[in-house]
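Chemist: Per TrEMBL, the features are:
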- A:Thr184, A:Lys207, A:Thr218, A:Glu298, A:Asn417, A:Ser422: substrate binding site (BINDING)
- A:Thr218: active site, nucleophile (ACT_SITE)
2 protein chains.
Amino acid sequence: MTDLTDSTTDDNLDGAYAHAEEIAGGRLIRTQGVTAPAGFRAAGIRAGIKVNGNADLALVLNEGPELAAAGVFTTNKVKAAPVLWSQQVLSSGALRAVILNSGGANACTGPGGFQDTHATAEALADALSNWGTETGAGEIAVCSTGLIGDRLPMDKVLAGVGEIVHELAGGISGGTDAAHAIMTTDTVPKQAALHHAGNWNVGGMAKGAGMLAPALATMLCVLTTDVVATPEQLDRALRHATRKTFDRLDIDGATSTNDTVLLLASGASGVSPAQDELDAAVLAVCDSLADQMMADAEGVTKRVTVTVRGAASEDDALIGARTVARDSLVKTALFGSDPNWGRVLAAIGIAPIELDPNTITVMFNGRPVCIGGVGAPGAREVDLSGIDISLDIDLGLGDAEVSIRTTDLSHAYVEENSAYSS
Amino acid sequence: MTDLTDSTTDDNLDGAYAHAEEIAGGRLIRTQGVTAPAGFRAAGIRAGIKVNGNADLALVLNEGPELAAAGVFTTNKVKAAPVLWSQQVLSSGALRAVILNSGGANACTGPGGFQDTHATAEALADALSNWGTETGAGEIAVCSTGLIGDRLPMDKVLAGVGEIVHELAGGISGGTDAAHAIMTTDTVPKQAALHHAGNWNVGGMAKGAGMLAPALATMLCVLTTDVVATPEQLDRALRHATRKTFDRLDIDGATSTNDTVLLLASGASGVSPAQDELDAAVLAVCDSLADQMMADAEGVTKRVTVTVRGAASEDDALIGARTVARDSLVKTALFGSDPNWGRVLAAIGIAPIELDPNTITVMFNGRPVCIGGVGAPGAREVDLSGIDISLDIDLGLGDAEVSIRTTDLSHAYVEENSAYSS
């Protein structure tokens, strides 16, 4: 993971990652997504759910021969209707399709909202069956993103569902259309595909920034692969990847009611890679998507990697890094390109972890600013004017290390989030 | 406490609270501070510690006959030198004086910084002894506030200590001078004094905003009283008060390395009030100071009270209210006067407390916006354009209730905190 992060930190913030790189036994390409693996089609259309008329309905179809699937969902106790529905559907370990809408979260909408989700799945099952792919509503996951608390315009959703099956396409276009249709405050679509040397593939698309704790906007992510794998193997690969990527992307500490990450396997390659190979490939795709989400987070002017090393345990390293990554005083200082390491010490000091103030070393962009809890010479002169900032905190206690991706706290963040629903 | 809060929420944000109010068996006045009780003198001077030349050194002297004292300190594991010193000194349960400087936190300054604190106390003990009040360094608490990580200009501090004892004054002027000299990003001094009908008094001054979890800037607070009380009685009154006031003031979730609240009793009134009376009086003064700190918090454009009621326990109510009060998406929405209750649901949903999404009711300024986890009619039209906003969340589970004072997240907050050390 470190390699991937390092190789991308020199990119511009435009998010247009076109280049390929060698990783996890394959080639990672950032302009291909869910239709890169064999056996998948996708589409994205304008259904009129968004008032601004942008694309707002996406469909990912698994044409098989297998339908194995796994999912990871928000830890928020307030879960949107589509999350409750998709969790239920996934208990079978199989998915034929995922229908995703932007323009409305369908969260905090009560029993009526849940019925809307159910009706969407039923309508898609009918449309797919009429189109020639026999499907039941219980094989369809539903994802929604947008404002919490409003019911969806179901006339438009259902009309869109009837239309979108006719737009399904393989190749690059289908996946790219779908990636566009799930965007809300995103400024660019996020896609990644890994073509493994062993003739199998993993692809993915995502929107928003956040998962377990992190979520500015809802994070939705659909991953596809053409390997032959059981739901249990997919689940292991997915949890291994999300734990190290989306769960370590923390823009503002908020967690959406709708966060969903799904992994669908078609088996179309006929290849059954070793679990470790599958883990690595799914991790590489998720890591690229997480990196793209950080780069496109609301109001970002700095891409920040907070690393806590020398911790007594991985949990301590994670909690410590997350605490610093969420600290408003650290984040505003970084917005101001201010190497205010005192705020870093104050932030790590409130983390509920084992630490000794006298053994802490802090580095900005590789330059020590605090050694043994005391300021280093020249600490106030470290240059943080660039887009990428690495903040390393060595607790000097053990061997555990965790990195969290975050951003600064900028005027643009305040602006964007103070005017969202109005 | 509710009464006091209610009676002050109509004030302007200018912080000039001149009016008196009846509370806790006495009269609370917001233009008097640490020298309101008998037996205290105070002073504030320009010692040249701040580069801008503003007042930066304050002294509070207890002339007795008694010297009982108690203190509450930051929970941050990274503690500034003056905190380590004052904690040690207070183990005796007695304080003759408190010397406070702004213009530098003396935190993360290593053994040299601790020696600076010690030298300050020694110098003040000498100066007070020469001035006629025999004092040892072990009777002197030291408080510092300002940038973390830099050593103090000790030539100026020590010269100032020699000078300030000659400026000691009783009456309103001494306390007010001291309250000015501890300000950093504060725009107004914060004072409060309660004149109890039983002929005893409690006074206090504070700067910053924060204590247990809360701290934009360091919070320093010195409370004085002329009652006759043991250190144990003072400690109980102080902890009772801080738990309900400063610990429930949460501007941005950060906790300073330097937060200190001290309570000194001179015994000069000759009165020994009942513990409950003392508790109530100290609470009233702390509540007023906390209210003044909220009103003057960095970048505040809204004064927000987040109340969680109907919780299964007081801990749950506290954690729930704190989680919502810290949520960046809720705070930016409030800055935009946006009644975005969906963000409130999403925020409370990540609090590690007992809750049922279907029994949650949310009110803005007394108007229901979400009932039973679902939006109420007209929820998006609630007017939040005023300065004061009450956000009430009823979990519908039990009887526990806690209120947290917080603010919005504004452009001014970002501006002030992105440029602080440079």
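From the backbone N, Cα and C atoms, a Cβ is placed for every residue, glycine too.
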Chemist: Checking A:Thr184, A:Lys207, A:Thr218, A:Asn417 - which of these binding-site residues have a CB within less than 8 A of a chain B CB?
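Modeler: Going by the Cβ criterion (under 8 Å to chain B), the qualifying binding-site residues are A:Asn417.
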Chemist: Of A:Thr184, A:Lys207, A:Thr218, A:Glu298, A:Asn417, the binding-site residues given in the record, which has the fewest other CB atoms within 10 A of its CB?
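Modeler: If we count Cβ atoms within 10 Å for the binding-site residues A:Thr184, A:Lys207, A:Thr218, A:Glu298, A:Asn417, the smallest count is at A:Thr184.
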Chemist: Three-state secondary structure of A:Asn417 (substrate binding site) from DSSP?
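Modeler: The three-state answer is helix.
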Chemist: In which DSSP state, out of helix, strand and coil, do we find A:Lys207 (substrate binding site)?
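Modeler: The three-state answer is strand.
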